[in-house]
Structures are given as structure tokens and as C-alpha cells.
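Student: Mind having a look at this structure? Questions to follow.
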Amino acid sequence: MTLLIKNGRLVDPKSNRDEVLDILIENDKIVKIGLNLSVENAEIVDARGLVVAPGLIDVHVHFREPGQTHKETIHSGAKSAAAGGFTRVVMMANTKPILSTPKVLTETLEIADKEDIKIDAVGSITQDFDGEHLTDFDELIKAGAIGFSDDGIPLTDAGVLRKALQKAKLTDSLISIHEEDPNLIGTLGVNDGEVAHKCGFTGAPTVSEYSMMARDSMIAYETGARLHIQHLSAGESVEVVRFAKNLGAKITAEVTPQHFSITEQMIFEQGTNAKLNPPLRSTTDIGKIIEGLKDGTIDVIATDHAPHTREEKNVSLDKAPSGMIGLETSLQLGLTNLVAKGHLTLSELLTKMTVNPAKLYNFDAGYLAENGPADLVIFDAENDYQVGETFDSKATNSPFIKQKVQGQVKYTICDGKIVYQAK
């Protein structure tokens, strides 16, 4: 297949390129980038007035298959990703059964391989998330695991984490960690602040996150292994990551769009759709997170796409599951709350959604270059619209429904094929 993208604003953070150019794609590769390109029998995509960027990469999604396909399937998750401009995603291990064995992982990846986007997966750190017994890292890597995480459940035993990091270092594998100490938490999913107190319960204080993060960062420093901090939410957590990096620890960190966009007050408006682990925090926390994004302390923006059904969410705040979908609003929230407000340039935003996620797992992705992969997103960076009530995801649990955002994905191209086109 030959595809010719004409007159788009090519923004490639890896090469610091930002100029109007044409891109010629043949099969799964970019073969030419230049001005006034033409070729016979090519399908033309008119990108005039639009941004052409590397396909987005999300290193933190929950596609719920196997075992919870009433919430999401790999297929519906892949469709949601493509609609959001993502050409590659990494699934977490908290399926049913958990991705703890080569058999379950292999079967899951065989399903994922049928989709139009690239889907990878991590294996669990501990067997069935028991927090005690490590999985067989070597066998899981052979089965296709690109890293390890017990995301959704923190590793409370420091000794287990240390053993996991020591083992991961032998294969240069990435360990990704959910940082919330359950011993310091009352009710999960709600900040221990004004909202929780008005609701009459104790929530999840910021110390439950940054205290565990400090412990784990120092263990990573001691072992020399690579540790990735998932979905940090507290201002103090940014300081911990900054300190650990300055010390020389091989630490990377991610933040979700919701944690730099809205506060715990959103629970009063959106109810359980704004209940998340870790919870939404304060305006002060958002300010420190934005500073961490600006100075490079926070490396990656990831969605933590976590679908639930309406029935599951339509219960009391203390009983509802935590999580929200995010693949179809991620780029827009970055454009709206970071770029439009002058916190990041467009290239800086894209770095945290393409180049840096690719670095975590050594993907050949996240850049636009001749002979490089034909994975791209084409979007209108300035178009305002209201987030709808339906999504390509099977789920609708988003606190951003009816919110006005900036930016709209027009095309997603993966391996040289148009896998999403706006209607």
C-alpha cells in the first residue's frame, strides 16, 4: 500500500523537526519526507492545517481480557487506542487469570496480535499478585513479556521488591510499580481531604504514595535496576523522583492526564467516574506535577485506561471500583491543559507521549524518519469540541464527558495502514 500525506505540519520531537512537509509511505515504512512529493496510484491524505506526529504510545492500559470482557476486550481497547491516536500500547497484568504464567501470557498476546495497532504486555511481578513469590521472569520474557508489574496492587514487602529488582537487572527488564501503602489508607480512590471528609470517611493521603515511593526509589538505587513509577499523583512524589534521579537511581515516572487536569473536587460533579487509584488530588499537587513535567522529572504521560461498566460505577462512592477510561481524551487533555496554557510546547508534550515511552521498552517507535516505522497520528491541535457520551471503548466511565477540550484526532496510521479516520 502506498500512502502520501500532503502539506501537514510534521512535528517530530526526536529530531526537533517542526515544518510543513509531505510524507510518502510504502507498506509499513516511511520512504520519503520532503516538499512537493508526488507518486502515481498513491492514496492521498490532505493534512493541510493539521499536525502530523509519531503515533502515540501508552505504556499503561487495562484491556480486561481475559476474564473481564464485560468491561473491555482487547479489540474494543485497540479501537479506543486508535481513536485516541495511539499506535502502540502496553497492557497490564491484572486480568483474570493474571498474566503470571507463560501460557496465559502467550494466549493473550495471540489475541492482541490480531489487532490493527501494536499491543504488548507486561507479566506480573509476583504469582497471581500474591506479593510474596516472584514469577519466572525468564520464562515470561520468552513468552513475550516486555517488563513486569503488579499494577493495581502495591508491593508492600520491601524484600520482595528488592529481589524483583535484582532479578530484573540481569535481563535489563523494567519493573513498574503502583505506589500506595495500604496501611496508610482508609478508603481507596478518594484523596484524604475535603471530599472524603464531607463524605464521612478517611481517604488515601498523599503520604501513602510518596513514602512508599521513597522506599522503593532507594532500593532501586541500591540494586542499580530500572524502576518505573506509575501514575504519581502527589506533589511530594515529584520531589522524591527528582531526588532519586539526582542521586543516580535509574528511575522514570509517569503521570496521567487526569492527575494534571482535574482535582478531587470533580467527585462532587462526576461522582464515582472521578474515583481513581491513586486519587485526584489538590490544585497544589497539580502545580507541582506540571513543574515536574516541565523540568523533565516526569518522563511519560500514560492513561491508566481502566474501563468499568455503568452498573459497576453506579453504586456508592465507597463501594465503586476505581478507574476511568482515558485513551480517547489523553492527547486532548495534554493540548488543553499543558500546551494551550503555556506549560509545555507541542513538541515537549509529544516527547512524553512518543519518544520517552518508546525509550522505556526500547521500541523502534516514537519518531518520524525515512526508513522508519509508518506509525503516525494526524490531528487538529486547535479545534475545540465537547467530549461526547459514547466512545470506541466498550466503557464510558470518564469524568470528562461534556467537558470542552482542545484537539481532535483525524487519522491514526499504524504499519502504513489507516486504522482510524474521524467521521
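The backbone N, Cα and C atoms fix where each Cβ goes, and this holds for glycine too.
According to Swiss-Prot, the record shows the following:
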type: BINDING; residues: HIS60, HIS62, ASP151, ASP304; note: Zn(2+) 1 binding site
type: BINDING; residues: HIS62, PHE63, ARG64, ASN94, ASN277, HIS308; note: substrate binding site
type: BINDING; residues: ASP151, HIS178, HIS231; note: Zn(2+) 2 binding site
type: ACT_SITE; residues: ASP304; note: active site
Student: Enumerate same-chain residues with a sequence separation of six or more from ARG64 (substrate binding site) and a Cβ-Cβ distance below 8 A; give 'none' if the list is empty.
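Tutor: Residues satisfying the criterion: LYS71, GLU72, THR73, GLY77, THR95, PRO307.
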Student: Between ASN277 (substrate binding site) and HIS231 (Zn(2+) 2 binding site), what is the CA-CA distance rounded to a whole number of Å?
Tutor: 9
Student: According to DSSP, which of helix, strand or coil covers HIS178 (Zn(2+) 2 binding site)?
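Tutor: For HIS178 (Zn(2+) 2 binding site) - judged by DSSP and reduced to three states - the answer is coil.
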Student: Where the distance is taken from Cα to Cα, which of the binding-site residues HIS60, ASP151, HIS178, HIS231, ASP304 turns out closest to ASN94 (substrate binding site)?
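Tutor: That would be ASP151, the closest of HIS60, ASP151, HIS178, HIS231, ASP304 to ASN94 (substrate binding site).
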Student: For the Zn(2+) 1 site (HIS60, HIS62, ASP151, ASP304), what does the 8 A shell look like? I mean other same-chain residues with CB within 8 A of the CB centroid.
Tutor: VAL61, MET92, GLY152, GLN230, HIS231, ALA302, THR303, HIS305, ALA306
Student: What is the interatomic distance between the Cα atoms of ASP304 (Zn(2+) 1 binding site) and HIS231 (Zn(2+) 2 binding site), given in whole Å?
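Tutor: Cα to Cα, ASP304 (Zn(2+) 1 binding site) and HIS231 (Zn(2+) 2 binding site) are separated by 7 Å.
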Student: Could you state the whole-number distance in Å separating the C-alpha atoms of HIS178 (Zn(2+) 2 binding site) and ASP151 (Zn(2+) 1 binding site)?
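Tutor: The separation of the Cα atoms works out to 5 Å.
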Student: Just to verify a number: CA distance, HIS308 (substrate binding site) to HIS62 (Zn(2+) 1 binding site), in angstrom, no decimals.
Tutor: 10
Student: Between HIS62 (Zn(2+) 1 binding site) and HIS231 (Zn(2+) 2 binding site), how far is it from one CA atom to the other, in Å?
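Tutor: Computed Cα spacing between HIS62 (Zn(2+) 1 binding site) and HIS231 (Zn(2+) 2 binding site) is 13 Å.
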Student: Would you mind checking how many other C-beta atoms are within 10 angstroms of the C-beta on HIS62 (Zn(2+) 1 binding site)?
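Tutor: Its Cβ has 24 other Cβ atoms within 10 Å.
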Student: From the centroid of the CB atoms of ASP151, HIS178, HIS231, the recorded Zn(2+) 2 site, which same-chain residues not already listed sit within 8 A by their CB, in sequence order?
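Tutor: For the Zn(2+) 2 site the neighbour list reads HIS60, MET92, SER149, GLY152, SER176, ILE177, GLU179, GLN230, ASN277, ASP304.
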Student: Per DSSP, PHE63 (substrate binding site) is which: helix, strand or coil?
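Tutor: For PHE63 (substrate binding site) - judged by DSSP and reduced to three states - the answer is coil.
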Student: What is the interatomic distance between the Cα atoms of ASP151 (Zn(2+) 1 binding site) and HIS231 (Zn(2+) 2 binding site), given in whole Å?
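Tutor: Per the Cα atoms, ASP151 (Zn(2+) 1 binding site) and HIS231 (Zn(2+) 2 binding site) stand 10 Å apart.
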